[in-house]
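Below is one structure, written out as structure tokens; comments come after it.
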Amino acid sequence: MYRFFINRPVTTFMFMMSFLVLGYYAYINIPVDRFPDVDFPMVTVSTVYEGASAELVDATVTRVIEEDLSRVSGVDAIISKSYAGLSSITVVFDLDKDVNVAAQEVRDVAQRVFRRLPRGVDPPSVRKINTSLAPIMAVLIHGDVDYDVVSFFADKVVKREFERLKGVGEVHTGGFRDRVLWIRLDPERMLVRNVTAGEILEAVRKNHVEVPAGTAYGENREYVLRLLGKFNSPEELADLILRDDLRLGDVARVEFSYEEVRNAVRFNLKSAVALIVYKESKANTVETASRIWEKIEELRRIAPKGVNIDVNYDASVFIKRSVRDALHEIAIGSLLTALTVFLFLGSVRFTLIPVSAIPVSILGTVFVLYVTGNSLNTMSLLALAVAVGIVIDDAIVVLESIYRRNEEGLKGIQAAERGTRTVIFALLTSTASLVVIFIPVLFLRGPTGTFFGVFTLTLITAIALSFIVSISFTPMLAARLVSLQRKNLFMRTYERFEAIFDRALGWALNHKLLVLGFSLSTVFLGFQMAGLTKKEFFPLVDEGRFVIRFETPLGSSFDFTNRKAREIEEILMRNPYVLRYGMAVGEGLISPTVNGGMFFVTLKDRGERPHQGVVMNMVREEIAKLRDVRASVDVPSVVGAHGSRQTDVQFVVRGDSLQELARIARSLRLFLEESGGYTDIDTDIRVNQPEIRIRIDRRKLGDLGVSVEEVGLTLNAMFGKLWVGTYEVGSESYDIYMKAEEDFLRTYENLRRIYVRSRSGELVPLSSLVSYELVSGYTVVNRYNRQYALTLFANLKSKSLGEAVEEIESFLRDILPPGYTFEPAGQTREFQRAFRGLGIALLIAVIGVYMVLASLFESLLHPFTVLLTLPLALSGVFGLLFLTGTSLSVPSYFGIILLVGIVARDSVLFIERILQLRREGAEVREAIMKARKERLRPILMTTLTIVFALLPAALGVTEGSELRQPLAVAVIGGLLSALPLSLFVLPVVYELFESVKRAYRT
């Protein structure tokens, strides 16, 4: 095939141009995003049980629904949380489960089980979750005007305009208080006027109705009858006659107002309304954010006077910077690669031949990414940066072989054909060995598999295209451009280096044991450093943003929690590196209870501040000084489990007793605090929620003719928020709620001032029918796979993730009673899964390379010669990781897998030529020395081109480089150690094997 391309220059040129044209088209149209989509099929079931405690919700709602959900096919995990008045169940399905099918099956379960739930429970709400969709923008609307103006503009104008934009999936709101029609009961007047809450509720519901009334018939027409029985104003409702001498307004205040203040959103100390924007699946983050910005500019022009629209967070900013810097790294790496080639070849014309493989292979790969529906993201760009050094290798090998044929006297097309034929087998072998190492990665599951599946596709495509270019475009150009030239200073220096290397190699071949002993010592030292290298899942990426989660003691009021939030705000406002922040406190957007909240902090540009981790520690230390505040300072995770809260360390403990789990939670916190090296230690067990338990005296209730339902209804109408109906104003519908006046609610002692109607018609104090007990209850009841559970959260301060996992697992094994189990969760689970999966992938990759080499060499022994260089490379990996303080993480582990192929590739060039010379009749030593002479320069060039291509990423000075740096450091460290050692060890081992073979035959 290569002869066709060499002899058809115009056809070959057009063939290469097609890659460039299609690749450029793909480049200007391909979506740009931060990461590949990491999506678990997940469905949530939310069920409201107004007024019920967390334990009652768990017993009567959550467990009932869980039982039926467990029978749905493909369920991986069922995670539930029962709060006061709310059951939230998340069903995680296997990755191959279609999320639409899963959602429908869960909907069927919810409809079926609803009939078995207690009266007063709302129908379950079922919703699909796309875990790949983190918020792309947080927009805050605020101003020095009435709340009515801000909330109406945010909800009825801004939110609706955002939802119409292409690429926008959902818009979540925070800081809103819905308008409602309140019926505020006055217990004192109710007692005086001899009326109960149940009687008021019954009167309102019977008189506030709109029902169909049948059909009336005329001579030629039919008329639908509709009874318009709903009240049209608060005043009309207040005039509702309860008895002959009693109106609703006499015992209650009726007003059209807002819900009670149970949450707040602020932006840099200013009260605001938040709109959190999520994109649609597969939508382009950058383009979607751009459309939102355009719409914001339009809305700013029509906003009411005094209303401002600010953006607290925009994901596209970091994405654009990260992509820009990654492209700069690729460009710089390409220039350094070209300079390396120029130094070896000594000619701009010669340099352009292999360098031309870079744009063809890179743009061709972008085209493949585009047609396969992938985006240009951190992982695909990292693969392209690696590819720059690899794709030029094949062209260098071909060009160097052709140039050597020129030195032997062949010219033009004849030299191109002979030079290509000499190395094509080695190219095929090395390309196959590179491709085969990535095949196991394609079968990795979970977020790691998704992340590096894109990386693998990108790299395999680039490698395949580079092989095509090297046997087509490169020999075609070389046949017409390569000729002998005068040697420059570098080339003369290289010849002196070759002479020195000749003598050194001869010495090594005569001192095999010494060479092997030194190599083994190097390997031993490198693996010692591996034990000292810290291990983590993914390195901390400095995006210039972090979150602060905080809680006040259980039972704290909203006002108290809000005051503590302002203390945290003051800390942020004093910090010189904080650019802006948005925060939400109380029920709603962030927390299901009033005693929690979250801050979303954006930092100044990297040039104006230290690393994000330093700023986080500063804030962490200041918050730790506050009283009655428990807080954690976290970063948004790169990948994790199921979109939940992400910290460095997470473990789930399961058992049958909430009390025992609470004891274990206390032991875990104490252990981690005493061990040191941890921060932001927390569990999701919340025990000391003040709770008043009301126990009924059934005998007294029976004697007086009072039902338990009436007691519960009365209490809910007074202290809860009892839904009565809806109230229409124009095209809008608002809820009607019943509750006692705020003054009555300020003390629970007023429970004794509530009355119910007896069978005889008299008002009876509720306190005579029930007893009260003040206890500590649960704010939330957590379950995991139908067992009570607690989750441990912690961030790491001075420990590696590997050390922390081993330490915590050992502690849990010692303290857990029989029947209690634990398992890693979140990033800890993905860390273990990833390293286990990558370890297996590495083993399979080595076996795969061996099988390819054995097949191509037709030998079971010679592949071992190649693979013995891998420990030499690994010693360099661990050594450089340790010396640079880089962790052994998923990216660096993947660099090790990549290194297997690269090192095998370089070794194949050498061994294949030895075997070729041996088949031509050369002796072992003669074949080694001649193969060394022919292959030394291409091996040096290919190694150095990869090193220089990855050098910008290894320096780690650009946006988002934290993910690219570990892989680059691992590959560079491996190559720099494997190159000098394998140049001597490989010939020594080969000659040793041949000696053993000869001895065995004789």
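Just so you know, glycine gets a Cβ as well, placed from its N, Cα and C.
Keep in mind that TrEMBL annotations are predicted by a computer and have not been checked by a curator.
Looking at 352-373, 704-725, the stretch flagged in TrEMBL as transmembrane segment turns out to be 352-373. Below 8 angstroms of C-beta separation, residues 5-6, 356, 359-367, 369-371, 376, 465, 469, 472-473, 476 of the same chain, each at least six residues beyond the ends of the transmembrane segment (12-28), sit close to that stretch.
Counting Cβ pairs under 8 Å that are 6 or more residues apart, the transmembrane segment (864-884) and the transmembrane segment (513-532) reach 3 or more and are in contact. If you look at the transmembrane segment (423-444) against the transmembrane segment (352-373), you find fewer than three C-beta pairs under 8 angstroms, all six or more positions apart, and that falls short of contact. When Cβ-Cβ distances under 8 Å to the transmembrane segment (450-482) are tallied for each of 352-373, 837-857, 890-915, 967-993, the top count falls to 352-373. By the count of Cβ pairs under 8 Å, the stretch nearest in packing to the transmembrane segment (890-915) among 326-345, 379-403, 513-532, 936-955, 967-993 is 967-993. Ranked by Cβ pairs under 8 Å to the transmembrane segment (379-403), the stretches 326-345, 352-373, 513-532, 936-955, 967-993 are led by 936-955. No contact links the transmembrane segment (513-532) to the transmembrane segment (936-955), because fewer than 3 Cβ pairs that are 6 or more residues apart lie under 8 A. Counting Cβ pairs under 8 Å to the transmembrane segment (936-955), the top-ranked stretch among 326-345, 352-373, 967-993 is 326-345.
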